[in-house]
Every structure is written in structure tokens, then in C-alpha cells.
Amino acid sequence: MKKVRAAIVGYGNIGRYVLEALQAAPDFEIAGVVRRAGAENKPAELNDYAVVKDIKELQGVDVAILCTPTRSVEKYAKEILAMGINTVDSFDIHTGIVDLRRELGACAKEHGAVSIISAGWDPGSDSIVRTMLEAIAPKGITYTNFGPGMSMGHTVAVKAIDGVKAALSMTIPTGTGIHRRMVYIELKDGYKFEEVAAAIKSDAYFVNDETHVKQVPSVDALLDMGHGVNLTRKGVSGKTQNQLFEFNMRINNPALTAQVLVCVARASMKQQPGCYTMVEVPVIDLLPGDREEWIGHLV
């Protein structure tokens, strides 16, 4: 079996877990890791791998797994797709997904590559669950309640705001798909808390939610990467009312995001050039090995 050569682009929380997921996958080999510092002061777990500053320094890359902040995804994806290399990412600004799909779709088709976007657990695997529930109960209401837990995307967004030394953004469900954002920050010297808090609340990640910003002496003392979701739908199948569905999970956020990214990296090798979200990709393409064996096992 020819293995898929994957490059990890970005080596923060998600990148570290992508490394573990690739090491555990029977059909992948790690082409290398791209990080801003290159091989300088590289962590011990990367000693066996090529560590570079630019993906152009790696050989024979089939797919790049983007573990960068969401707001950097489009830039990196376009550069890599233009090289004819597939990309996958966990872009998580829901309102920007349609536009990103259009932008990367044109680039991917031009260069004969595949991009699968917004492939974390939400958006991502939860999107598949929502799609299935809507199909089997076409009329009704779905509520997605996140947490309580640490939001990776929101935390990264806070860290990027001027004056923030360290940050943790917690998502607290209040019910019926409405959430409260609890943001804990350490402040850099010379900045006013009120001004930094206002900048956080006006960011696109927070502007539509009830958001509370708290200054703390140590973010590390609060840190827990656990998260979860409760997803429910109450609707109608045919003409029959009161069909109720519920999906729950409690997870380590970056570990699950990483596993989903590796699954869609595999699936990217089976699609025609273009840009896809997870609801457009056959779920069986997420799995390694023989398709008929999976059909016999799962169906």
C-alpha cells in the first residue's frame, strides 16, 4: 500500500496532536513539519522528522494539514494549492465558510488539487450529524450547544489582540444554541484592561455572543482543553411529529480536531479537484483500507 505523505503546517496545540494521529495512522507517513522557527530549538518528538520554515523545502508532499490560526488559513491554503498539493484545515468562522469554499475552490481547480475546509469537529464532524438529522426529520429545529469547555479558535483570537499576554476562552452553553463566552486573560504591561476587554468583545469571534472578560494572575492555572457538545433535533419525519434525536460527546478539543484533520487528509486523496466541506465528502472516504470491507463491517 502506497502511503500518503502529509506535511504538518504549524506546530501549536493542534499540530502536536496531528503528529500523534499521523503516527497512529497505518496509511500515512510524515513528510515533515513546517514551523516559523524551522529546525531551531525543535521539540524532541520531532527529531526523526524534517522540520523546515517553508513547505517548498519538503519532498513529495501529497497533502498539507494546516494547523495555523483560522485567519491565516486562506493565505497558506492558496500558496500550497498553487503548488498542486492538497490542503485540509479546521477553519472555524462559520459565517466565512461559503466565501472561503468559493475562493479555494477556484484555486484548487486551477492547479489540479483538493482542499477540504472547516474540518474540525464543529464545523466538521458535527456538521455531518446535523445534515443527517435534517435529512431524516426535514421539518424541525436543531440546537447545537457547545461546552462547557475551552474554545481553541476563540482562545487563539484573543491571544492575537494587542495587550494580551495569555488567554483562555471558555464556551458556556445557556441552552437552545445560545452561548456565553468567558474570557480569562493575563495583561501585558502598559495596557489598560478596559481597552483590551473592549477590543475582545468587538472581535468577530465574540461580537454576537454574551461575553465576559476577566483579568487573572495565571491563565495556566485555569487551563483545561476539555470540551463537548450536546446536539438535539426535534422534528417531523414524513407527517409524523415528535421525532427526537440527541448526540452528545465530551472530548479533548485539539486531539479530536487533529484526528478529524487526518481523516479528511485521507479523503482528499479520493476527491476530484476542488474545494469541499465535510458534508460533501462520502463518509466512507474518511476511513483507511478496503471500501467493501468497511461496507460489510458497518452496514
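Using the three backbone atoms N, Cα and C, a Cβ is placed for every residue, glycine included.
Sequence annotations record features per position, and here Swiss-Prot assigns NADP(+) binding site to 11-14, R36, 67-70, 90-92, 119-123. DSSP assigns I14 (NADP(+) binding site) to a helical segment in the three-state reduction. When Cβ atoms from all protein chains are considered, those within 10 Å of I14 (NADP(+) binding site) total 24, not counting its own.
DSSP assigns D92 (substrate binding site) to coil in the three-state reduction, placing it in neither a helix nor a strand. Annotated substrate binding site per Swiss-Prot: D92, D122, F146, M152, G153, T171, R181, H227, N253, in sequence order.
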A correct count of other C-beta atoms within 10 Å of the C-beta of D92 (substrate binding site) gives 24
Taking the Cα of F146 (substrate binding site) as the centre, which of the binding-site residues listed as T68, S90, D122 lie within 10 Å of it?
D122
Restricting to the chain of S90 (NADP(+) binding site) and a gap of 6 or more, list residues whose Cβ falls under 8 Å of its Cβ, or answer none.
I14, L66, T70, S118, A119, G120, G124, T257, V260, L261
